[in-house]
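Input: a single structure, listed below in structure tokens.
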Amino acid sequence: MPVQETDDKVIVTFPNDDTTSVTVLKYGATVISWKVAGEEKLWVSEGAHLDGSKPVRGGIPLVFPIFGKLKDESHATGALPQHGFARNSTWEFLGQVGEKLPSVQFGLGPENIDPELYKKWGGGKYDFTLIFTVTLHDDALKTDIEVENTGNEAFDFNWLFHTYYKIPDITDVLVNNLTDEKCFDQLLAEEYIEKSPVVQFHEEFDRIYKSVRNDKYIQIIDKGKVLMTLERVNLPDAVVWNPWIKKSEGMADFLPKLGYHNMLCIEPGHVSDFVNLKAGDKWSGSQICETHHDIKQQSNIY
Ligand code: BG6
């Protein structure tokens, strides 16, 4: 069975190869496992809540309509909790939409959101539909989001795929192709140009790389070998995050405490400014996570 639905999740396996699969929890439409030839590619905390009581710590949580927490209370997203409501609402499973490359869809609208939470977005005046599509390739995973404004008023939103990759050890990995990109360092609250030829990790890391051209690949390289190549469509920003020791200790659902060694978030999105979506309009964006590439070194010069 390529697509299996249970009460709380949907499991998709690749045709004739049940060692390649993706599992999506209906809560948050959170991808909680992606295996290629039996090997897990995503990190999920051993302390993650998978019962719908809290956003999942790991996998691919979906962030909408606000990234982080806005300080400006007067903005329509100002009253929303950190990372909005998509990751902590139960999405509707819309069914299978592709067979050769198995693909499934999930939908979210105001009716699926806790009314109190929904009201925190512009007083509950916005009408919208989100369609999330997950497509399994033999060596890649594609996730697409479409946002439609089905109401009468324009609204502002952020979108982010908060992808947690599983890695052998954070101290051995590099991330390439971010040199000369503008970044906002969330820890220093400063904006600067990334000058490192490759990004390495030896302490807490939380940066938003802004307006990174979508023809640039972002790769996680482990000891000279590409673990993951990330391609993006219509998603200009990329957040790179590792909580390191102290921050992990402060997160009750982050287990084991040394788990920060084995995870790295590279989160493509539209977060450094808002998308303004007019009544009746649609917006879409995609991430493609691929396991098969060679190193592609790309600079901003050419
Ligand atoms: C990242 C942010 O996207 O998400 C970090 O850049 C934040 O600042 C992290 O700490 C985790 O957020 P949360 O709400 O899942 O604890």
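Backbone N, Cα and C define each Cβ position, glycine as well.
Features of the protein shown, as given by TrEMBL:
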- Arg57, Gln82, Arg87: substrate binding site (BINDING)
- His162: active site (ACT_SITE)
- Glu267: active site (ACT_SITE)
His162 (active site) versus recorded positions Arg57, Gln82, Arg87, Glu267 - nearest by Cα: Glu267
Between Gln82 (substrate binding site) and Glu267 (active site), the C-alpha gap once rounded to whole angstrom: 15
Where the C-beta lies under 6 angstroms from ligand 1, the matching binding-site residues among Arg57, Gln82, Arg87: Gln82
Spatial separation of Glu267 (active site) from Arg57 (substrate binding site) - C-alpha basis, Å: 14
Where Glu267 (active site) falls in three-state DSSP terms: strand
Neighbour tally for His162 (active site), based on other Cβ positions within 10 Å of its Cβ: 24
For Arg57 (substrate binding site), the three-state class that DSSP assigns: coil
Length of the line joining the Cα atoms of Arg87 (substrate binding site) and Glu267 (active site), in Å: 14
